[in-house]
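This is the structure, below, for whatever I ask next.
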C-alpha cells in the first residue's frame, strides 16, 4: 500500500491472518482514502493496489503520451509564429506594394538592412527574457494549464498583427515582435512542468527529447508553408494570418486535454499513475509552489548546464534562423530551393532529438553519467568541427550538407545537458529548464550581434566564415566544462521543501534568541 504498513491484498507470500470479506473491503477503502488524501511518503511503492476496474486503461494508449503530443504541437505553434518572418524577409523584399517615394527616391518599406533585421529578431529575445521571469513564476505558482494557454492566445494575436504593423513602420513591427517574444517565453517553463508532473523518471529523456524537438519541427514546417504562401496569390501576409488562426485552435485543444495533476485527471488509470510516480520522492510528487532559487542558482552542475544551454542553443538557433538568408544570399539558391534546403536541418534535428531521448532511456548497459557525456560530446564537441566546416565548404551543395549535419547532430543535447539538468533538479526541473529559456533569449541577441559585427552584408561569405569559427570555439569550451560536473544524481537542493525551509528559519530564530539570552545573562 502507499503507506507501507498494510499488507498487499494480492501478495501470496503475506502471512497475516485471513480477513473476512467485509474487513477486506474496509481495508481497501481505507487504502484508497489514504491515497486520496495524498499521504506523504519517502518513495512511492512500486506496487499500487487496484481492482480490475481501476487496472483497466481509460484510453487505447497511455494518456501521458496524448498529453505530450498535445503539448508538443502547441510548442511547435509558439516557435513557428516567431519563425515565419525568417523566410518572409526574402518574400517581403520582393513585394512592390511596399514601395514609396522619399524625395524622389523609391524605397521599399519591407526591405531591411542587416542592422534592422537584427533589431527585429532581437526584439523577440528581449520580450522572451522579460516573459521568462513572469512565466517562470506563473508556472511555479499555478502550473502550466492556464499560463501556457494565455501565452498561446497572445502569440496568436501578435502573429496576426505583424503584417499590419510592418506596413506602419519598423518601430511598430519591433514592438509586436517583442509581444511575440513575451508569449514565447512560456515554452521552456511548460516543458519543465509537463516533464515534472507527467514523465516517469525512466522516461525523462524521452519526454525531453520529444517536447524539446518543437523548435526543429517548427522550422521544418514553417519554411515550406511560408514559401508556398509567398509564391501563391495570397502572398506572405496570409502566412501570418494562417499561423495565428491555427495557434488559437491548438491551444483550445490544450485547454481541454491538459491538467496539471495526473491524479486528478479522469483519463489516467491507477496503473498509469503508478508508472508516472514510480521511484519519485514525496517532495517530487507533492508540489507546493516553493523553489529554493538561491541554492539552485549556486549549484555548480546547474551552472554548467546553463552555460552549455546558452552556447549550444545559440549555435542551433543561429544556424536554423539564418539558414534561409545564408542559402539565398551566400550560396545563391532560389526561394523555392532555399525553403526546401533550410528545412533539412530542422527535419533531421527533430528526428534525432526524439530518437536520442528514447535511446538514452533504453541504454541500460551504460551508466547515466557515461550517457550524458557521450551525447553532449556529439551535440557540442563533434558539432563544433562541423560548424567550422560550413564556412570552408568548396561547393554550394557541400555548404548545405555541412550546415544540415551540424544542426542535426546538435539534437543529441536531449541526452546531454537537457537530461542532466532535469535529473539533477528533479521537482525543480521547471525552473532549471525555464531559465534555459533566458539562455535562448541570449541566443536571439548574441546570434544577430555576431552576424551584425562579423558580416558587412547578407552575402559576405568571409564574414559568415568567421561567425562559424567563433561558434566552433564556444562549443568546444562548453563541452569540456561539462565533463567534470555531469551527473544524474539529485542535487542537495531537491531535499529542500517549503516545510523544511520553514523549520530551518524557525530553528535559526530559536538559536538567535538563545544566543541573545546568553549574552544578556
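Note: Cβ is positioned from N, Cα and C throughout, glycine not excepted.
The region 'Disordered' annotation in TrEMBL covers 1-45, 500-521. Marked as compositional bias 'Basic and acidic residues' by TrEMBL: 16-26. Annotation comment: TrEMBL describes 65-89, 119-139, 146-166, 178-199, 206-226, 238-258, 303-327, 339-360, 372-393, 399-418, 430-455, 467-486 as transmembrane segment. Under the heading domain 'Major facilitator superfamily (MFS) profile', TrEMBL lists 72-490.
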Out of 238-258, 339-360, 399-418, 430-455, which stretch has the largest tally of CB pairs under 8 angstroms to the transmembrane segment (372-393)?
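By Cβ pairs under 8 Å, 399-418 leads among 238-258, 339-360, 399-418, 430-455.
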Before we move on, state whether the transmembrane segment (178-199) and the transmembrane segment (467-486) share at least 3 Cβ pairs under 8 Å, counting only pairs 6 or more apart in sequence.
no
Tally of helix, strand and coil residues over the region 'Disordered' (500-521) according to DSSP?
21 helix, 0 strand, 1 coil
Using a cut-off of under 8 Å between C-beta atoms, tell me which stretch among 146-166, 238-258, 303-327, 339-360, 430-455 contacts the transmembrane segment (399-418) the most.
339-360
Okay, the transmembrane segment (430-455) and the transmembrane segment (119-139): do they have at least three CB pairs under 8 Å, pairs separated by 6 or more?
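Yes, since the transmembrane segment (119-139) and the transmembrane segment (430-455) share at least 3 Cβ pairs closer than 8 Å, they count as touching.
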Using a Cβ-Cβ cut-off of under 8 Å, list the residues of the same chain that are 6+ residues beyond the ends of the transmembrane segment (339-360) and lie near it.
87, 205-210, 212-213, 215-220, 223-224, 226-227, 316, 319-320, 323-324, 327, 333, 371, 375, 400, 403-404, 406-415, 419
Taking a Cβ cut-off under 8 Å, which residues six or more beyond the ends of the region 'Disordered' (500-521) line up next to it in the same chain?
290, 292
If we skip the immediate neighbours and take only residues 6+ beyond the ends of the transmembrane segment (65-89), which ones have a Cβ under 8 Å from one of its Cβ atoms?
59, 112, 117, 120, 124, 148, 151-152, 155-156, 158-159, 162, 177, 180-181, 183-184, 186-187, 190-191, 194, 198, 207, 210-211, 213-215, 217-219, 221-223, 226-227, 230, 236, 239-240, 243-244, 246-247, 250-251, 253-254, 257-258, 267, 321-322, 324-325, 335, 338-339, 342
Which bits of the chain, at least 6 residues beyond where the transmembrane segment (238-258) starts or stops, bring a Cβ under 8 A of a Cβ in it?
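Contacts with the transmembrane segment (238-258): 66-67, 70-71, 73-74, 77-78, 80-81, 84, 88, 144-145, 148-149, 152-153, 155-157, 159-160, 162-163, 222, 225-226, 229-230, 232.
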Tell me, please, if the transmembrane segment (467-486) and the transmembrane segment (146-166) are in contact, taking contact as 3+ Cβ pairs under 8 Å between residues separated by 6 or more positions?
no
Against which stretches of its own chain does the transmembrane segment (146-166) lie, if we need a Cβ under 8 Å and a gap of at least six residues from its ends?
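Long-range Cβ neighbours of the transmembrane segment (146-166): 74, 77-78, 81, 84-85, 92, 109-110, 131, 135, 138-139, 172-173, 175-177, 179-180, 182-186, 189-190, 236-237, 240-241, 243-245, 247-248, 250-251, 254-255, 258.
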